Every structure is written in C-alpha cells, then in structure tokens.
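Below: the structure, in structure tokens.
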Amino acid sequence: MAVLKLADQPPLVQAIFSGDPEEIRMLIYKTEDVNALDAEKRTPLHVASFLGDADIIELLILSGARVNAKDNMWLTPLHRAVASRSEEAVQVLIKHSADVNARDKNWQTPLHVAAANKALKCAEIIIPMLSSVNVSDRGGRTALHHAALNGHVEMVNLLLAKGANINAFDKKDRRALHWAAYMGHLEVVALLINHGAEVTCKDKKGYTPLHAAASNGQINIVKHLLNLGVEIDEMNIYGNTALHIACYNGQDSVVNELIDYGANVNQPNNNGFTPLHFAAASTHGALCLELLVNNGADVNIQSKDGKSPLHMTAVHGRFTRSQTLIQNGGEIDCVDKDGNTPLHVAARYGHELLINTLITSGADTAKCGIHNMFPLHLAALNAHSDCCRKLLSSGFEIDTPDSFGRTCLHAAAAGGNVECIKLLQSSGADFNKKDKRGRTPLHYAAANCHFHCIETLVTTGANINETDDWGRTPLHYAAASDMDRKKNILGNSHENAEELERTSEMKEKEAALCLEFLLQNDANPSIQDKEGYNTVHYAAAYGHRQCLELLLEKNSNMFEESDSSATKSPLHLAAYNGHHQALEVLLQSLVDLDIKDEKGRTALDLAAFKGHAECVEALISQGASVTVKDNVTKRTPLHASVINGHTPCLRLLLEVADNPDVTDAKGQTPLMLAVAYGHIDAVSLLLEKEASVDAADLLGCTALHRGIMTGHEECVQMLLEKEVSILCKDARGRTPLHFAAARGHATWLSELLQIALSEEDCSLKDNQGYTPLHWACYNGHENCIEVLLEQKFFRKFYGNSFSPLHCAVINDHENCASMLIGAIDASIVNCKDDKGRTPLHAAAFADHVECLQLLLSHSAQVNAVDHAGKTALMMAAQNGHVGAVDFLVNIAKADLTLRDKDSNTSLHLASSKGHEKCALLILDKIQEQSLINAKNNSLQTPLHIAARNGLKMVVEELLAKGACVLAVDENVSRSNGPRTSSATDVQKEE
C-alpha cells in the first residue's frame, strides 16, 4: 500500500486531517468532490473514518459521500473506523446504513478487523446486527481466531459470550487454540480451555496446540498444556512429536521442559528420525543436542535410510555437535543404506572441519560407500580440494576403483577442480587408469569441458587419442558436451532467460577451448567410434558451432568424409536437434544437401518433422530439395512438417515447393495429413496454396473423409468452404456422409445432406449397399438418425436388405429402432434381409431382450423363419442366449414345434451347442411326446444330442418326460452310446 504525502492530496483531504469542519463545508460548497478517489481508491470518508472523527463523517455523508465505498483492497469506511477503534465513528456509519457484513479482499468483515485490533466497544456495537459471529475469512478464520492470535482476552470473552464456536477451524483445520498457543498468549489459552476448547485438537497435518507452542518456543504454554495432562508424545502425520518440532526449531528451553515431563527422547518419526537427528541437523540445535544426549538419547540410532545423528551433523557441517556425539559413544564409521559413513557425507558436502574431527577421532578414510567409493571420491567429484588434501594425508591405495572402475582421479576430472587433480597426481594417481567402460580421467574431463583439468592431464602425459569401449576418444566427448542439459537445469522461465543465454555462451566457449587444446596436442578428429561417428558428428549433434569451425579449419574435407561413414550424417544430427548455427557451418562446406540416412530421410525432412524452422530455412536457402522422398513411407519434408503441425516450417517449404499435393506411399497428400491430425493453421496454409481438396489416397479417402472421421470441426469447415466434393467415394464406396453418420456428427451430416440431395447423381450406397442411415443405426447415433429421417429420401428402406432396423437391434440401440418404426411404419419390423432374417432374428442372435420386446410390441412375427427355416427362438437357442430364449418362450410364446430345414427344433439346436440352460427353458414348456422324441434329418432325438454333449440335467429332464432311450440315429447309435454319459445309467439311478 502506497504512503502518500499529505501536501499532495486534495484540499478536502487536507481539511479532514486538520479537523476543521468549517473549511470542509466551504470546500463542499465550492463543489469539491466528496467521493474523490486517491491512488488507492480511498475516499475522503475513508480518511475521516481512519481518523475517527464522527462529526466530519456525519458531514461528509450528509453531503453525499458513499458510506459503503470500497478502496482497492475492498476496505470500507467501517473497516477503517473499526481498525482505529473509534466507537463514535462506527455508530455514525452504522446509523447511515454502513454494511456490517462488508468483506475486504481477504473476505474479512468489520468484526474480523475489530477482533484483530482489540476494538471491543466497536465489536459490541456490530455484533447485535450480525446473524452469526462465526463468519470465516478467505483463510477460514473466524473473529475468534483473530482475537486469539492477537491475544485479546476481553475480545475472546465477548465473542464466546455471543456464541462464537470455540472449536471452529480454518482451512488448515487450525483452531483458535492453535493460534493462541503458537503466539504464547497464556491467558487466552487458559480461557479457551476453560470454555471447552479441545486441548488435543489437530490440524490437517496432525499438529496439536502442544506442537504449535513447542515450535515457537512458548515455554509457558507448553507447561500449561503439560499440566493439563496432554499426551506428550502425540505425533503429527509425519510422526513428529512436540520434542521433534522443538529440536528442529532450536527451542532448547522447551526441549528441557519436555524431557523433564518424560518425553520419549528416542521416539522415531515416520522416516525413523528421532529428535536427536533433528537437533544434530538444525541451525540452532546445539543446546538441544546436549540436552538430549545428557538425558539418554541413543546417539547411534539410525533412520529408515540408515542415517545416524552423526550423519546428520555431516550433512550440515555441525562439527561441534559431531564431537559431542563421538564423545558420547557415537559410532564413527556407521553406514547408511547406501554404505556411506559420516566421513563420506562430510566429504560430499565439503565440510573440512568436520572431516578433520572425524579423522582425528579415527574415521576410516578407506571405507567404501555408495558404489564402493571412498570419501576421497566424493570430495574430488564435488570439487572440494581442501577436503581432498585432508583425506589424502591419511594415506591409502589411491588408485582403488569403485564399482564402475572409476578411481579418485576420474572423480576429480569429472568434478573439474584442477587443484584436486594436482593433489592426486602428486600422490601418485595413475592418469591412464581406465574405468569398466574403458574411459580414462581425460575422457571425464573432456566430457564436462573442464579445460584446466584437460590441460593438466595432457601435460602430464595422458594419452590424448585413447579410445573407450565404444571407440570414443576424449575429443569425441569434448565435442559432445551437453549444453542442452545445462539449459534444462536452469529451466526455460523468463527470469532465467538471460542466465540461460550466458550459460549457453560460456559452455560453447569452454567446449571450443577444450577442443582447440586437444587438436593442438595432436588429437585425431577423424577417429570413428564403433557406430561410425567421428568428432564432427558429435559436435553437430550437440550444436557446438565453434567446435565445427575449428574442425573445418583443421581439415576442410572432413565434413564430406563424415557423410559416408555413419547411418546419419552430421547434417542430419544438427537438423534433427535444431542446431541451426551448427547447421550453417556444415552447409558452408557440404556439396550434397540431400544425403539420406538409413531410412532415406534428408536433413530437411528431419528438421521439418521436429519443427526447427531456422534449420529448415537454412537448408532451403542453400538449395535442399523439398520433394525428396524417404525409403519407408515415401514422405517428403512437406509431409513431415504437417504431421506435428509445424506451420512455420510448412510455410517455408511451400514457398519453394512446385506441387503442394505430392503423395507418400499411401497416396496421402500433406493436406490429408494436416486434416487428419487437426492442425488448423497447416490446413489453412495449404488451402491458401491451392492444395487439392478432392485428391484421394490409394484407399480412395479424401481430406474430407479424414476430417469427418477424426472429428476436426474447423478443418472440415475450411474444406466445405472450398466446395469440396461431398459425394466422392473411397475404395469401399463410402462417402463423407457415411463417415459423418458412422461417427455421430449430426451437424456435418445435415450440412452435407443438403448439398448431396441437391445434386443430380445422388448415390448414397456404399459397395455393400449400406446407406448413411445403416451406419447411423449400426453405431447408435440418434441425432444423425433424426437428421436423416427428416428427408423423405430416407423414409423408405433401400440399399442392403440388412436394413437400418436390423443394424439398430443387432447392437442393442433400442431408441434408434423406436425412431425408425415411428418415422417410417410399423410394418418394417417384419422386413427381411437376403437370408430371409427379420430384425427379430437379429435381436435374438445378439441377445438384446429390450429390442425383442420393442419389435414384438409392434407386431413382429415371432415365428417368422429365414431361408434356413430358423425362427428367432432357434437363433437364440443355438447361440446360448438365455435372456432371449426365456423371453421368447415364456413371454412371446414362440412355437416350439417348428423345425428348420434339417428338421431341428429349438431344443435340438440348444442341445447341439451345449447350451444347457437354454435347453432346460425350452424343455420346461414341452409335454408332447412327439416333441420329446422328435427326430431331425439325421434321425437324432434331443436325447441323442444332449447325451452326446454331456448335458446331464437335460438328459435327466428328457428321461423324466419319457424320452425313448432305444431310438436309433442314422449311424445306428443309441442315445446310450459309448461316447456319452450313459442315458440308461441315468434312468437306472432314477
């Protein structure tokens, strides 16, 4: 909030501050604006209310001042008057209808302000006008919270007397008691507890009032709560007790009090850390640690990750505390779960004094930690030369490798502190020692662009052209030093932009400096690794422009030589990774810009695919071809750019492309791909360049087919505006209308339909005779069906005899079927397809009972037979659809005596497929012996079939109904044949 100079304010404001009513009247009479706003949107009435001058407030209001005006923090004059504890001002404002429920930007009402500012009289005036004193602000705090936080005992008393909820909690579930305890207001704490406040209440993170008091060192509150008998070792959600919190915050007096009251000094939290761990690590925990150790705290207790209190002192360099722990029995070489001792940790963080304390106390400097590294490894890796010097003084085998074969010299080279390298070399470290991947310390120094380390190692005789297991030399690693990784660490936020740029430039210079030094010392840039990549490839891949320039100076033919040695040329690598400056260097010396990688892709293809517009521009300006196709998909750079919607790249390519409709292996044009992927800008640009909207791929699909299929609305609209053909058919005869109906795009379907029906040759059948109505019904798109049925053209079935009604019921789209019947005629329920099957057959085939009910309610013929003589019941029975069979037998009363062309009844068919439940449902309605023993064309009775398929319950039921066990089929087999469970045996059991 700005502080304004009074002399710069309007005369009316100055008069209010001077308290001169006569001058104010005169100014108002001279038409001074009583509602004028300052820079903070405060009015003269805000000023008067702040000053608490009731007479001037009255005068301003009577002169037209707005009583509920809000400043830019939404504070009203009433808020200001209450904050100033002016009882008279509050009374005047309320008399003139000031809003007692007005909220500022923090949702605080005048009562909140009164509670926070100890405006007791003001609160007494306001409260009778409120419906509740428990209104919360944006943080969920009530007036009681504010009074407790600020220690206003009388205000707390008043609020409680007026019905304040003593256990109301804010958005973090903190009660007024939490805030009073944290701030150390003993009288308020006692008052709240006496009025029934829950002394063991917890906030969302499990903190109790005891935790709150302990964290802020409120010793009197802690004593009071302990005297009330609260659980001293109560934990929050992290498992921390009040003792943990006190130690973490360095509250030694509270720690002493808690220990005296019997707090568990070895209580672990959820991660296994005790109060001693916290005291060892915290900034002000020295006295806390002394108290804990003197009261029996276990100095060697370990957390879940194996860290002892001594480890914690090592992390933060608390060497005095480490001495205390060691003197009290702290195990100096205890290891955490990674195998690190406190000495490893101290070396990692560079705490020389602590290292000295540990070594003096007998710490093992040759102890292996994480990955079998010495403390010296960690000190060297993190460039702590003083720590290295201290650790070297203890003496051990300096070239001992870790789990990856790396010596301390490898670590120092990676860390980049040349002093560490010199110390190790002077102690006899072998600079040609290799790790398990064949890398020397020089490889590590080069990979991290540590120039002085490289210089030192080379000067002392390191082999500059030594190759590792991948065939890479230090020169390869220097060329491949990763600037992008540094960028990722810094992030891409606006505030880091300048630092990012500086870091990038610095790393580029370092890489060039390292490369130049290596080249001057006879490093061979032509050496290829096992993948055929040389230094040029790596410099190009990682975008080191200066490195490439150095290499060009060294050997002008080197770039051309690099193009034929590996699957990808330097040009490809620079283009793919978007390094346009490196690319420009390469382009200066390369002849063939259209060289292909192993998949036939050019550098321009890769740059376009990745969206690197600057690289695309550089390649085009040097004459790279935009029409070269790869070997796999036969795509061009135009196709590559639209796949990911890289419109800037596409625009550059189209400026030099002769044909925007070039096709790939599937016959797809860039426009088709742009529409398919929904890249609106790319579609717009291609249409501007007059790309063909009616071109079809090898399957006959156009861009419009793709747009409708993928649902990209704006792309479709742009195509329609170009008068695209909407009746074009794909290889299966489907038009965009078919696709719209199949995908449920009713709006497009309506628009396309209007255009289609206005054309002379309007054929809307695909190669199988299916119309858009078939497709809409099959996929259950009611909105599309509604659109189609609005046209008389679709109010009669035509096309494939497997009608739209068949399509609807076979997929259980009951509403769609109902719409068809209502719009056309109920007679369609008995229409037949080429095999003589009705929609009832289709519904029975798919076991859709609701559709069966619908069809039969519109007089579908339940016993209609198809060309094979099968009824709907037979369909359901043969396919084992219990629901459909049950409905057709028991509700629809289907004829059970009907037979198909092979003389099978529905019972035969159910039994033949092993559908026992269906067979039993049918059998339950059969009493006639003629049906029980009915024979099909193979002379088989239901008993033959049931017995052969092992349907025991069906066999039992058939026998109970008198089925003949002596019936013989055409193979002279009786129903008790050897392949089945014996029907005769079943009869004997009965």
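Just so it is clear, glycine is given a Cβ too, placed from its N, Cα and C backbone atoms.
So that you can see what the record holds, here are the features copied from Swiss-Prot:
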REPEAT    7-36  repeat 'ANK 1'
REPEAT    73-102  repeat 'ANK 3'
REPEAT    106-135  repeat 'ANK 4'
REPEAT    139-168  repeat 'ANK 5'
REPEAT    172-201  repeat 'ANK 6'
REPEAT    238-267  repeat 'ANK 8'
REPEAT    338-367  repeat 'ANK 11'
REPEAT    404-433  repeat 'ANK 13'
REPEAT    470-499  repeat 'ANK 15'
REPEAT    599-628  repeat 'ANK 18'
REPEAT    732-761  repeat 'ANK 22'
REPEAT    768-797  repeat 'ANK 23'
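Under DSSP, the residues of the repeat 'ANK 13' (404-433) split into helix, strand and coil as follows: 17 helix, 0 strand, 13 coil. According to DSSP, the repeat 'ANK 11' (338-367) comprises 17 helix, 0 strand, 13 coil. Residue counts for the repeat 'ANK 5' (139-168) under DSSP, split into helix (H, G, I), strand (E, B) and coil, are 16 helix, 0 strand, 14 coil. According to DSSP, the repeat 'ANK 3' (73-102) comprises 16 helix, 0 strand, 14 coil.
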